[in-house]
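Lifted from Swiss-Prot, the feature list:
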type    : residues                          : note
BINDING : 112, 113, 114, 115, 116, 117, 118 : ATP binding site
């Protein structure tokens, strides 16, 4: 690609998946530019690297580009896309550019409905501890690196593989991981579980014959596809029939301690203890996937232990902001999380309970997309009803039109009928920080959760707290 392409322009460069690829390409020596409707931390970071980031979208931005890369949020009517096509400049999706990056390195692609970002981050952490200096592109900021992407000198690139639009089928990794499969983004698959399964099978089969997949057998849908997988694979999970499994799992504060057992073909059989520097049984599974990849590339047990214990977390994945001051003179622990599907929400809430069993659990939640709220309405009401106090803000539409009886007011009514909780409704997410300060009590843990504009709440809450 380097002999034919010099200038690469990203439309929607501020998106978490786009900004990481842009940064790696910039560090590889390409001339990178981009545009976005809104400034954010990602665009500021890219600008500090010397990348030209334009505010808004106009046709002139693509002048001189050899290729234009778009995110899934960018419509074909976008003026930059229209101008590029008129000038016969290739317009490609983000995943296709990620696939090109994998041609420079041996690719390790992490797929699954939940846990991709954490598993990718843990894998990068262990490979780094093993001295393998990987390149990584992650859907969240790796706290230890201060960025969501980095160009390493080693032979591996670790990246998330996105199933939401089936774009992971562009990738050709030498190793792949499937953390789980759940019924999400079903509009992409014609609301067919069979088509969803086939997409993951096709993703695994994108590997060469010498590749290897690591598949989580704790997921019912993953177990269902195993008979159809014809490429080499190993299983992992909490069951002792898996090739890599965990026992003796215990919470040690906000960490997880467990024993790893390896009975994988071609590897030394045995067991060893690890401490994972994050809470939750679901993160034990994510760690097992990273351990499997690490063993396959030759990392030592010591490197695995170091990478897991020294893991500093990733942005918006049970990200602890510490204690905030309350108007009543007490304090509450603020934690931020990206969870927006009932399955991952339940796992994160269980992690919070396990790490802080003595605290009252307060959840501030912003549903993401009306279609998801409608399709999983009953599952949402069940998981939301498990907390001690609940504040709901309106659905983040993500470009969708409102759907009757699939909004936060409807969720609040359904939860109220169950009789355990009295949900508090906050129509405008901008009012949420002040409302939370009035709801919280001394010693609480407040979990700020959702994939939309609620991500701005922690900073605003911290600022308000400082004024007390």
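Note: Cβ is positioned from N, Cα and C throughout, glycine not excepted.
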Residues within 8 Å of the 112, 113, 114, 115, 116, 117, 118 Cβ centre (excluding the ATP site residues themselves): 110, 119, 179, 180, 286, 344
CB contacts for residue 112 (ATP binding site) [other CB atoms within 10 A, all chains]: 24
Among 114, 116, the one of these binding-site residues whose Cβ has the fewest neighbouring Cβ atoms within 10 Å: 114
Chain-internal residues, separated by at least six, CB under 8 A from residue 115 (ATP binding site): 179, 180, 282, 283, 285, 286, 289, 344
Cβ neighbours within the same chain of residue 118 (ATP binding site) - under 8 Å, at least six residues apart: 278, 283, 286, 314, 317
Proximal but sequence-remote residues of the same chain as residue 113 (ATP binding site) (Cβ under 8 Å, at least 6 apart): 163, 179, 180, 181, 182, 184, 341, 343
Close in space, distant in sequence - residue 117 (ATP binding site), Cβ under 8 Å, 6 or more apart: 138, 139, 140, 160, 314, 317, 338
